[in-house]
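Presented below is the structure to which this report refers.
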Amino acid sequence: MFKVLTRSCNLLLAQTIKHSTCTTVNLYSTIAAGALTRLKMSEEKPKIVFVLGGPGAGKGTQCAKIVDRFGFVHLSAGDLLREERAREGSEVGALIEDYIRNGKIVPVEVTCSLLEAAMNKSDKNKFLIDGFPRNQDNLDGWNRQMSEKVDFQFVLFFNCSEDVCVDRCLSRGKSGSGRSDDNMESLKKRIQTYNNDSLPIIKHFEELGKVKQIDASPSSDEVFSKVEEVFVQSGF
Ligand SMILES: Nc1ncnc2c1ncn2[C@@H]1O[C@H](COP(=O)(O)OP(=O)(O)O)[C@@H](O)[C@H]1O
Ligand SMILES: Nc1ccn([C@@H]2O[C@H](COP(=O)(O)OP(=O)(O)O)[C@@H](O)[C@H]2O)c(=O)n1
């Protein structure tokens, strides 16, 4: 049964990329139907914090601490994409690998459906969405499919210089991250994508007064003490 369901979901994901926007929305709605029912049944919409910052800024490291201290669920868009890439029989695995290795942003239909499915699996009501939305396509897709179903709080933005980001990713690669993009060639493309596509999204949220910016260059404990202040001040 599980295999059949997984395969259908897989096919839907593959079709999603091939078809027009209209069909995409229909297919996406099918994937998300379970989540929708769940969200409707729950009294409160889930609270969402987007976590953004350059590659290697320390988003995942800080998210783990926020989970421990404030009871959020951490959903990393990158981790979900890597899991889907590794799943046997995935019809979008090769596509995901191509995007990741080249530092490009995977089409939102794939990423958003993985995020919603992961939210649906959880019985918690507070989510850190790490590494998303990373470009205009991500933001538009989220607004189409999810914004009405959640209670968006703010963007937690880890600001970090390019040099520090690169050093951290290269060290992560050397210490065995096993990631196909923790190398100089992929990093150049990831940084370019971050500057060209992700920074404008952060600017957009800034204009809405929704960004909590943290200097990510100090030690992870020092960074977390600032993060803690932000969450306490925001009522968590
Ligand atoms: N404040 C920090 N100071 C030094 N190294 C850090 C800090 N935060 C994270 N790291 C290290 O840098 C690398 C990237 O951190 P990670 O949390 O995976 O970043 P991201 O999720 O933003 O890509 C990891 O090897 C991590 O251990
Ligand atoms: N919303 C997202 C997030 C990640 N990704 C892909 O996953 C890669 C790794 O993202 P990540 O968030 O795990 O890692 P960092 O680049 O932040 O270190 C990105 O470079 C993209 O190729 C994506 O396509 N869409």
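The backbone N, Cα and C atoms fix where each Cβ goes, glycine too.
Given the structure is predicted, the values throughout are model-derived calculations rather than measurements.
Per TrEMBL, these features apply:
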- GLY56, ALA57, GLY58, LYS59, GLY60, THR61, ARG172, PRO218: ATP binding site (BINDING)
- ARG82, LYS104, ILE105, VAL106, GLY131, PHE132, PRO133, ARG134, ARG179, ARG190: ribonucleoside 5'-phosphate binding site (BINDING)
- ASN138: CMP binding site (BINDING)
- 76-106: region 'NMPbind' (REGION)
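Everything TrEMBL records as a feature, shown here on the structure.
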| residue | record | DSSP (3 states) |
| --- | --- | --- |
| ALA57 | ATP binding site | coil |
| ARG82 | ribonucleoside 5'-phosphate binding site | helix |
| ILE105 | ribonucleoside 5'-phosphate binding site | coil |
| GLY131 | ribonucleoside 5'-phosphate binding site | coil |
| ASN138 | CMP binding site | helix |
| PRO218 | ATP binding site | coil |
**OP:** Could you check which of the binding-site residues (LYS59, ARG172, PRO218) sits closest to ASN138 (CMP binding site), going Cα to Cα?
**Re:** LYS59
**OP:** Tell me which binding-site residues (GLY56, ARG82, ILE105, ARG179) have a Cβ under 6 A from ligand 1; sequence order is fine.
**Re:** GLY56
Subject >> ribonucleoside 5'-phosphate site span - longest C-alpha distance across ARG82, LYS104, ILE105, VAL106, GLY131, PHE132, PRO133, ARG134, ARG179, ARG190, in Å >> reply: 21
Original post:
When a 10 Å sphere is centred on the Cβ of ILE105 (ribonucleoside 5'-phosphate binding site), how many other Cβ atoms does it contain?
Top reply: 23
Subject >> Nonlocal neighbours by CB distance (under 8 Å) for ARG172 (ATP binding site), same chain, sequence gap 6 or more >> reply: GLY56, ARG179, ASP182
Subject >> Per-residue Cβ crowding (10 Å cut-off), top of binding-site residues THR61, ASN138 >> reply: ASN138
Subject >> 10 Å Cα neighbourhood of LYS59 (ATP binding site): matching binding-site residues from ARG82, GLY131, PRO133 >> reply: GLY131
Original post:
Considering only the binding-site residues ALA57, GLY58, ARG82, ILE105, ASN138, which possess a Cβ situated under 6 angstroms from at least one atom of ligand 2?
Top reply: ILE105, ASN138
Original post:
Fewest other CB within 10 angstroms, which one of the binding-site residues GLY131, PRO133, PRO218?
Top reply: PRO218
Subject >> binding-site residues compared (LYS59, ARG82, ARG179) - the one with the fewest other Cβ atoms within 10 Å >> reply: ARG179
